[in-house]
Amino acid sequence: MPNRRFADGEVVMGRWPGSVLYYEVQVTNYDDVTHLYTVKYKDGTELALKESDIKSQSSFKPRKSQSSSSSPSRRSTSRSRSRSPGRPAKGRRRSSSQSRERKDDKKKIIQETNLALLKPSENNTRRYNGEPDSTERNDTSSKILEQKLKPDLEIERVLDKYSLRPREEEKKKEEIYSEKKVFEMVKTTEKVSSKTKELEFGGRFGTFVLIFFLPATVFYLLLMCEQDDPSLMNFPPPMPALESLWEARVFGVFLLWFFLQALFYLLPIGKVVEGLPLSNGTKLQYRINGFYAFVLTAAIIGILLYFQFELHYLYEHFLQFAVSAAVFSMGLSIYLYIRSLKAPEEDLAPGGNSGYLVYDFFTGHELNPRIGSFDLKYFCELRPGLIGWVVINLVMLLAEMKIHNQSMPSLSMILVNSFQLLYVVDALWNEEAVLTTMDITHDGFGFMLAFGDLVWVPFVYSLQAFYLVGHPTAISWPAAAAIIILNGIGYYIFRSANSQKNSFRRNPADPKLAYLKFIPTATGKGLLVTGWWGFVRHPNYLGDIIMALAWSLPCGFNHILPYFYVIYFICLLVHREARDEHHCKKKYGLAWERIPGFINSH
């Protein structure tokens, strides 16, 4: 194994990938497996370099002999003295061709730099025409490119001063580097190291605990709702017999539901759109038909109700359905991890490629696992769990009417069903927007998303409706009106903020978005600093919290249990805020840090 030459913390000169320029960097890490050094530039950009691309600072100190020979008159005198009439002309041709090659290399660097530093006013359409989007994961900042430009401009001035430009006919023959060439150069630097170095969720130990903690939390909440007095004083709730938690018929019904939604997903209805570019520049295709699947599901439920099919069965076996969903999600997660071991490197998730089994199993090892054209992650994101949430709420409404002998559901139950139905329909109607979320673009499909989509969403998000069946709560019409207004405010913030973000990501040059201001970044993307995204860093989360409060208020204030979703979402917001802050700072560099100052100055 080769010996390590540079130590951590040592300040050296690192070559910028794809160029001949060296910049002052600090060594932060060394990988014994790949033998690559992780170095940090002055603006915070981190890259992985080979040892051959790193030199000590001493080798860049200027020499007196070089400075003394830099005068044009001295160089010309030296050449005239050393040139002999009897020396073959071949040597002169060789030296002139070598000089021309060096000047061509310098000119090529200048062309690359000029293309990478297009002004925002000149780049409104060119920067967002498809290709630059896939450079988003590159951490290059504008400061590095400015530093790269300065020495090249000096080279240009020297060439102009001493008339060392290539001849016009040679100029015409030079290949002009396009933006795609610059993009490919940046991509090369990204692919040097694809291993996940920064572990989230508490690392290996934290993810191991979460694999057991998340199912335990779901079962605890459902068991507490079944108690006559679901207060914290009655913790822990009595555990049912283990054999009562499993029933083959219930598991069969769950499988029927899952594959029915899969059938709806495969129907050739709805438009086909492209997702955001992957690391290799390709774009996956997705069929947008979630709302059609919802309509078909509603038609089937209506038919079952017309023929007086007993949907009360779901309420009576609610805990068993939760167990069946958890078992299925665990089996799906195991399948996903096994198949990911054979996936090529470019198909792995950037956040789930640590090399640690438990961590990658939890976060998801493969980014977009597919069976043919069937995208497993995208399907589970919106179909079985989200539509199942609405069906569960409807069953709870019917169960309340049956158990309490009511001809009409309570006002509290109507509010909870209506608010959450609006949320689900909105998500399905704007299904295309999910393609720009971190779940699709960054997170792999593993236990975290599989359990969240198939268990947490349908069985925890329906907690208020399940609570109201056993603990009816009466509210007045004025209170109901106030709650409706609160939910409307939260929904307006949530929808308008997400619409701004998704429209800007899709087409920043859209004339409808001309009123929005943004900060250009070195990734070729822009950061919104006006609208809702100038008012608060994550306005979509603010809208979510307000809506979650409106969903819980119809349950009254007798117990804290119905407000679990609010508490959970605040905790989730804190985690996502820290997570998003880290990712955005790493992705956008100095531009992300400029946002608060820009907003305050405007």
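Quick reminder: no glycine exception, Cβ is built from N, Cα and C everywhere.
Automated prediction, rather than curation, is the source of TrEMBL annotations.
Some features that TrEMBL has for this protein:
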type	residues	note
DOMAIN	4-62	domain 'Tudor'
REGION	53-141	region 'Disordered'
COMPBIAS	55-75	compositional bias 'Low complexity'
COMPBIAS	76-95	compositional bias 'Basic residues'
COMPBIAS	99-110	compositional bias 'Basic and acidic residues'
COMPBIAS	124-141	compositional bias 'Basic and acidic residues'
TRANSMEM	205-224	transmembrane segment
TRANSMEM	244-267	transmembrane segment
TRANSMEM	288-307	transmembrane segment
TRANSMEM	319-338	transmembrane segment
TRANSMEM	449-469	transmembrane segment
TRANSMEM	475-494	transmembrane segment
TRANSMEM	515-536	transmembrane segment
TRANSMEM	556-575	transmembrane segment
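Below 8 angstroms of C-beta separation, residues 230, 234-240, 318-319, 322-323, 326, 358-359, 361-363, 447-448, 451, 455-456, 459-460, 463, 466, 561, 564 of the same chain, each at least six residues beyond the ends of the transmembrane segment (205-224), sit close to that stretch. Here the domain 'Tudor' (4-62) has a mean pLDDT of 82 out of 100. Contact check: the transmembrane segment (319-338) against the transmembrane segment (556-575) gives fewer than three Cβ pairs closer than 8 Å, residues 6 or more apart, which falls short of the contact criterion. Secondary structure of the domain 'Tudor' (4-62), assigned with DSSP and counted as helix (H, G, I), strand (E, B) and coil, comes to 7 helix, 27 strand, 25 coil. For the transmembrane segment (556-575), the most Cβ-contacting stretch among 244-267, 288-307, 449-469, 475-494 is 449-469 (pairs under 8 Å). Between the transmembrane segment (288-307) and the transmembrane segment (244-267), the number of CB pairs under 8 angstroms, six or more residues apart, is three or more, so the stretches are in contact.
Sequence-distant contacts of the transmembrane segment (449-469) (same chain, six or more residues past either end, CB-CB distance under 8 Å): 214-215, 218, 221-222, 225, 230, 258, 315, 318, 321-322, 325-326, 328-330, 332-333, 336, 364, 377, 380-381, 384-386, 388-389, 392-393, 396-397, 399-400, 403, 410, 412-413, 416-417, 420, 439, 443, 551-552, 554-555, 559, 561-562, 564-565, 568.
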